[in-house]
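Enquirer: Sharing a structure here in structure tokens format.
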């Protein structure tokens, strides 16, 4: 089993001088803000891969989850995808989706998403002929109600 000191730093590289180091905006912030390295224009209903020009080495016990920033979500901007595997070493890109009605401009240095480190578990998978039954069964997609 891999043992890692919880205080071990996560190494990252600025691939260009346009890259900005990930930052936490408060001591209690769950995520590190990621910054756009370039200018982009995203029309309504479209999506764009935003480059950060940052690459990093994830701890073996974690993966990186790219999550939306609440201020951008309020403007109709969402995240597509959002998993950085622990063995990925390339430029971290963020897929922004413009669900709003207006064109959205991303400027160099804008905070575009947050990176949250989450522990990961790699279970052994076992194929079986059937699963144990539960009261819920195969009912999903809102079947438990709103309240």
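Keep in mind that glycine also has a Cβ here, set from the backbone N, Cα and C atoms.
Pulled from Swiss-Prot, these are the listed features:
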type	residues	note
BINDING	24	Mg(2+) binding site
BINDING	68, 69, 70, 82, 83, 84, 85, 88, 93, 95, 111	dUTP binding site
Enquirer: Using the alpha carbons only, what distance in Å do you get between residue 85 (dUTP binding site) and the residue listed as 'Mg(2+) binding site' once rounded?
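Expert: Approximately 21 Å lies between the Cα of residue 85 (dUTP binding site) and that of the residue listed as 'Mg(2+) binding site'.
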Enquirer: Near residue 111 (dUTP binding site), how many other Cβ atoms are within 10 Å of its Cβ?
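Expert: Residue 111 (dUTP binding site): 17 neighbouring Cβ atoms within 10 Å.
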Enquirer: What are the non-local neighbours of residue 68 (dUTP binding site), defined as same-chain residues 6+ apart in sequence with CB under 8 A from its CB?
Expert: 77, 78, 79, 113, 114
Enquirer: If you measure residue 70 (dUTP binding site) to residue 24 (Mg(2+) binding site) at Cα, how many Å is it?
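Expert: About 14 Å separate the Cα atoms of these two residues.
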Enquirer: Go through 24, 83, 93, our binding-site residues, and report the one whose Cβ sees the most other Cβ atoms within 10 Å.
Expert: 93
Enquirer: CA-CA, which of the binding-site residues 83, 93, 111 lies nearest residue 24 (Mg(2+) binding site)?
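Expert: Comparing Cα positions, the closest of these binding-site residues turns out to be 111.
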Enquirer: If you run the three-state DSSP split on residue 68 (dUTP binding site), which class comes out?
Expert: coil
Enquirer: Check the DSSP secondary structure of the residue listed as 'Mg(2+) binding site', expressed as helix, strand or coil.
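Expert: Note: the residue listed as 'Mg(2+) binding site' is coil by DSSP, not helix or strand.
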Enquirer: Which number gives the other C-beta atoms within 10 angstroms of the C-beta of residue 70 (dUTP binding site), all protein chains shown included?
Expert: 8
Enquirer: Take the Cβ of residue 85 (dUTP binding site) and count every other Cβ within 10 Å, whichever protein chain it belongs to.
Expert: 10
